[in-house]
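So the structure is just underneath, and the comments pick up after that.
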Amino acid sequence: MAESEPPSRYPPSEDDKEVKEALEVGAVNTVEDASQTGTFADEDNPFFVQNLVYSKEEEAKVIRILDTRLFPWILLTTFVLNMDRTNNSNAISDNLPEDLGFTINGVNTATAIYSVLFSIACLSGAVIAKMAGPARWIPVLMFSWGLVTLAHALISDNSGYIAVRSFIALTEGGVIPATLVYLGGFYKSTELATRLAWFWGVQNIASAVSGLMASGLLQLRGVGGLFGWKWLFIVDGIITLFVAVLTWFYLPRNAARTKGGIRGFKPWFDERQVLIAVTRVVRDDPAKKRYDSTVTWTDVKDSITDIGLWGHWAQASIGLTPTTPLGTYLPTVIKSFNFNVFVANALTAPPYILTCISSVAVIWHSDYARERGFHGAFSAGWQLVGWILLRSLPDGTSRGVKYFAACVVQSWPYSHPLNIAWMSENTGSVGKRTIASGAVIGFANIYGVWASQIYQASDSPNFKRGNIVNIAFAGTATILWLLQKTYYKRRNAQNARAWAAMSDAEREREEQEAEKKGNRSVTFKFTT
């Protein structure tokens, strides 16, 4: 290690000198001895074995079990989550506002209220998940919003619409930060970005499926005396309740408790694999030794005063602002291209599928290259080009070209999971990460307050004024990604200089306090 560089924040791996020396001096004879005697078990976590040695093949098998047994169910929960969000836009294209006696400006008001309440629920959701356990809190929230989704069939006016959207926000708001906390207990930080890309990518698949469902269910208008969009929410609510009940009996609380429920009579991991599953995550982030610890007031203050976190929060609120008008009115926009409502909803499927593909591809490459800032700027730039294209089209442009422009905008590589993964790996402690995760999801929804006002009834159907605003936000987001990268590179350079100026005693003390200081320690290496 170069004299001027601080040490890595990660404990030694199986190939490092410290582990080899531990075996050579007889601290432990075999991995099995360590597992049975607990020689290297940590008192904060009995399944963390400090000098546990395992092969890359063994770790790959543990990851494969997680990817085939745990992660697909997480994708199912987020699939159900986005069904409701997209069904709302599908219902709007089926004349929901007119049926209830108001205009799209009334929808905008409900969207703004939804965004505020959703953000509040996000801030509390991560903390409650830590106390109740995310494996329990996630299905409780799902069941709750399933009931509210069904309640859409009972509304008859603007007040009822605002009420159900408010309760949807309160019940859905906590599930994403709870899921982030949950996944952090099973995956290393370097493994999260690609999986979060799938997490949000599947939401786009859900939007595509929802559009196809809507093209059929909306034709039930008049059956049972109900509007077609009410049938859409009824079917969605039933699906959500069913999945919520199954989720309660499926999600394991941790890697050591995977037996029972509908998971099966045999645990997913044997005893050695449990140690590997826990130890590898703790080695990636020592703070996870106490992953079940609660959030403290110190964590809150540390998060609020961290300028780097504010950069990620700003990126979430500014970079995602243009997604609200198009996400809310995409079927309506496509319908304005002279398609009927059933075809318009079906045509939302291709761009949503393309979004999933582009998002996973870009974020996978970000993981592969271990680079974040340029990849995020590329995603924001894609969206910027799309908005410029959509805004610049003349009124007489053919509907095929207009649809292509809308596809370009909607198919941009969704950068939110990349932003979250980048923030998470640069946070440094579980408590602080819990606060940051809830906050970033909150900021990723509070923008709906102003974003909901971008498309106005007086600007329809082409929304030229609104698209100029979208161009401004997308351009700002591109710049913010580059500024965030510059900030982290500067912090790394400052840490290296501080480490070089320390005496041996100061360095030893800094290493001992590294876990406590988190990303404020000069030993911390920020991902750029």
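Counting starts with 1 at the first residue shown.
Cβ from N, Cα, C; glycine included.
Annotated transmembrane segment per TrEMBL: 112-129, 136-155, 161-184, 196-219, 231-251, 435-455, 467-483, in sequence order. Per TrEMBL, compositional bias 'Basic and acidic residues' is recorded for 508-518. Taken from TrEMBL, the feature region 'Disordered' covers 508-528.
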Q. Quick one: do the transmembrane segment (435-455) and the transmembrane segment (112-129) have at least 3 Cβ pairs under 8 Å, skipping pairs fewer than 6 apart in sequence?
A. yes
**Q.** Helix, strand and coil counts within the region 'Disordered' (508-528) (DSSP)
**A.** 12 helix, 0 strand, 9 coil
Q: Determine which recorded stretch among 112-129, 136-155, 161-184, 467-483 has the most C-beta pairs below 8 angstroms with the transmembrane segment (231-251).
A: 136-155
Q: Take the transmembrane segment (136-155) and find every residue of the same chain, 6 or more past its ends, with a Cβ under 8 Å from one of its Cβ atoms.
A: 77, 80-81, 84, 91, 100, 125, 128-129, 161, 163-164, 167-168, 171-172, 174-175, 178-179, 182, 226, 229-230, 233-234, 236-238, 240-241, 243-245, 247-248, 251, 253
